[in-house]
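These come from TrEMBL:
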type     : residues       : note
ACT_SITE : Lys483         : active site, proton acceptor
MOD_RES  : Lys483         : N6-(pyridoxal phosphate)lysine
BINDING  : Arg581, Met757 : substrate binding site
DOMAIN   : 687-808        : domain 'Alanine racemase C-terminal'
ACT_SITE : Tyr708         : active site, proton acceptor
Amino acid sequence: MYTLDIILPHIDHSKRLLPYPQARFSVLAYDTRKIRLGTDCLFFALVQQRDGHRYILDAYQKGVRSFVISDPDFDTRDYPDANFLWVNDTMRALQQLAAYHRSRFSIPVVGITGSNGKTIVKSWLHQLLSPEYKCYQSPKSYNSQLGVALSLWNLTAEHDLAIIEAGVSKIGEMDFLQQMIRPTFGIFTSLGTAHREGFNSKEEKFAEKWKLFAGVSPVIVPSSAIPEAYSSSSNCITWGGRPEDQLQFLGSSQDKDHTVLQLRYEKESFVIAAPFVDKASIDNVLTCILVMLTMGYAVDTIEQRVVLLRPLEMRLQLKKGKYNNSIIDDTYSNDFASLQIALDFLGQQNQSDVKKLILSDFEGEEWTTKTIDKFAQLLNVQSLSQVILVGERMEMLRSKLQMPSLLFKSTDELLNALADLGLKNCVLLLKGARKFELERVGRLLVEQSHDTILEINLKAIENNLSQYRSCLSKGVRMMAMVKAFSYGSGSFEVANVLQFNKLDYLTVAFVDEGAELRRAGISIPIMVLSPHEGTFEDILLYDLEPEIYSIRILRSFIAFLETRGITSYPVHLKLDTGMHRLGFMPDEIGPAVDIIRTSQRIKIVTAFSHLVGAGSRELGTFSTQQIQLFKQMVSQIELSIGYSVMKHICNTSGIVYHPEAHMDMVRLGIGLYGFDMAPNALNLEEVGTLKTTITQIKKIPKTETVGYDRKGVLQRDSIIATVKIGYADGYDRRLGNGIGEMSINGNIVTTVGNICMDMCMLDVTDIEAREGDEVLVFPDLNQAARNIGTIPYELLTGISSRVKRVYFYE
Ligand SMILES: *Cc1c(COP(=O)(O)O)cnc(C)c1O
C-alpha cells in the first residue's frame, strides 16, 4: 500500500488536484473491466488504441478516487472528491512509479531478453533456483512496456530474487524497460531473424535488446547470437561450440526423450542429461546451466535439478469438460500475479454463472498474515460459487474466505473425492503450482483429445482486433463475423473475448448459431444473415436481429410480429449493389419502404451491402460504383422512413482498401482470425494452429508405393511418416501427392500418395523425425490454399468439428 503523497515526488507531473492526498492504493489500474475493488486502485488513463480518459467515469463509478491523466482539458468538476494528477504521458508515469517501487528492493534482479525462449528460461530458472531463493518471476509473458511495469509492481519484501522478462519490437523501447528493471544479472536467450520482429538487421535488433544490460555484469549469452562488433564485450559469459566459450558444448547423444550433453566449464568436463530432444529446449537448458554455474552451483546439483524440468504447457488453456462444463487449466505456476490474470479470464466467461476455483498452495510465498489477507481479499471480490483449496497451509486462507470452500491436504486426496464434488455445469479454474500437478485433475475432467487438435490463440484475436481498430476513425463501430463457428475457431469461446473487448455487434449466418451464443451468456447485439420463416420464434426468444433481404421475408416477418403484437423490432436491411446474392435490388426499395412505413412493426437499425471485390485493384472502380449506389439507396430509404440508419459496407479487405467507405460501421471477418489479402498491411497473428502427431515411421524401398491406388510412387529409398489427419478432418484430398506441405521440428516435408480419410503419409527421408513428434499441418495456410486453387476461408472453415479445439490465452 502506498499513499498518493508518498509517490508524488517520483512521478513527473505538471499539475495536481488532491482533495485527499492520503488516499491509499495497492493496485495499478488501467482497464476498468478488470477493476474489482475500486477503492484500492490508482487509475492510469493510458492513451493506447482506446483513450483511457473515456473510462474515467466508469472507474469512478467502480469506486476509484485517484487518477493519473494526460488530457490538460479534462473536466474534473463531476468528480469533486477525486484526486487527479496531470502528466505528460500516462504510460511513462506508470513506468516511473514501477521504477520507484523496484528501487526500494536491493535484491538481485535477473533481466531476460532475446528473441525466443524468454518465458521458458524464466520459468525454468524459477524452478531450478527455488530451493534456495524466494524467487519472484514476472507472470506469463508480461514483457511489454506495460507488462514489465505491472510485473515489477508485484515485487514484495518477501522475495529475495526477481526474474524479469523484457521484450521489444522497435528501436527505442528498451531504454524504458531498462530504467525500470535495472537488472543486476543479465540473460540473453537467442537472436532470431530480423524481419520477424520489426528490425532492419540482426545487428540493429541485437543492439536494441542489449541496451537492457547497460552496466550489467555478468550477462549470459550464446556466442552464436553476438554480432562481430560486440564480441569483445567484457561483461559476457558465453556458451557455444567454441573453445573460448565459458561453457563449451562438446557434443551430445539422444535417446527417445533425453539428450545427454557433453560440456566443459572452466577446466572441467562433465555430462548432463536434459529431458528434451528438440533444439530450442536444449538451447534453453544450456542457458539455465550456465546461469547456475555462474551463480556457483555445483554440477551435481544442476544435474539433479535439470533432469526434473518438464516441457509443460505454460499457457492458460480453456477446454471443454466432460460434464457440460468449461475447464480453465493453468497449472504451471501459482503466484499472486498469475492468479489475478487467471481470475480475470475466468470472469470473462459467460457460458455459466457458476464459477468455481481449485487452488493449490503457492510457490515462493511466505505465509504471513499479510500475504494471506492479500490472497483472501483477491478471492473475496470475485463472484465464486465455491473454492476448493489444496495443500496443508491453505487452512489459514480458508478461514478468511467468504464463499463456500473445501480443503484437501494433497492432490491425491482431491482426486479421490473428485467424483463427489459436483463440478458439473460450471466454469472451473484449475490454478496450481507445478509441484501439485493439478493437471492430473484436468485430465480427469476434460474429454481426451485425439492426436489432432486446433489450437486457438485468444490473445491473437485481441491483437488482430486492435490492429483493425487502429484503422478506423473515432466513432466508427465494428461488427465481428462469427459465422461458420467463427471461421472454424469456436463459438462462445471466441464470442466471450469479443464481448469483453466491447465489440458493437456479432454476426452469425443462421439462427441456431445465434441461439447457441445467447445460451452461452453472450449479451451484445447479434445479427443473423440468413433467417427464414421457420426460425422467427427463436429470433424473438433469443433476442436476435435478422437481416431482411427480400420483400417476401419482409412481409412474413412483419406478419409474424403482428401475431405477437410487437412493434419496432430491430432489423438490418441488406441492399444488393452488385453481389447478386441476397438483398433488395434498387427497384425494390420503394415497395419495401412502403411496407415498413405502414406497418410500424420493424425498426431499421442498419442498412448494409457487400463489396464483391474489396481487396482487388482491378475491381476498384466497381467497388466505388457499389459504394455510390449504396449511398443513393440508403438516402432514398432514410428520406421515406423519416429517420437515419447506420450504414456499413466494408468487410476485412474493405477496411484496409476503402477507408473512405467505413461509414458508421465495418464488418470484420477473416482479418480477425489473422488472415488478410493485403500483404503486410497490418501486424496480424494467426489465431488457429492445426497440429497432429506422427503415428508411425517406416523405411520403404524405392520399388514400393505408398497409399491407395499405388499413387505414392517413390524416387528413392524413403522414410515415410504416417500422421493422424485425413480428409475427414478437413485436410483436403487435393493436398495429396506432394502438393501439401507440413512442418516437423521446423523442417518442411511433403505428402506422399493420396490423402486417406483419417490419415496421410509424409516423406521424412531428409529430416530428423520420430514417432510421437508434433506436426504443424499448415505452416503456410495462404500458400496451401493457393496450391489447390482455393482461399484460406475454405481451409479454415473446413477443419472438421471432430478436430478438438483447445483455447489459449497468453
Ligand atoms: C462473411 C461476411 C463478411 C466478412 O468478410 P471477410 O472477408 O471475412 O472480412 C462481411 N459481410 C458479410 C455480409 C459477410 O457475409
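Glycine is treated like the rest: Cβ placed from N, Cα and C.
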So, in DSSP terms, is Lys483 (active site, proton acceptor) helix, strand, or coil? helix
Collapsed DSSP category at Met757 (substrate binding site): coil
So which of the recorded positions is most packed in, judged by how many other Cβ atoms lie within 10 Å of its Cβ, out of Lys483, Arg581, Tyr708? Lys483
Between Tyr708 (active site, proton acceptor) and Arg581 (substrate binding site), what is the CA-CA distance rounded to a whole number of Å? 40
Check each residue in the chain of Met757 (substrate binding site) that is at least six apart in sequence and keep those whose C-beta is under 8 Å from its C-beta; list them in sequence order. Gly726, Tyr727, Ala728
Local confidence of the prediction over the domain 'Alanine racemase C-terminal' (687-808), expressed as mean pLDDT: 94
How far is it from Arg581 (substrate binding site) to Lys483 (active site, proton acceptor), counting Cα to Cα, in Å? 17
Reported in the order helix, strand, coil, what are the DSSP residue counts of the domain 'Alanine racemase C-terminal' (687-808)? 22 helix, 45 strand, 55 coil
Through the lens of DSSP with three states only, how would you label Arg581 (substrate binding site)? coil
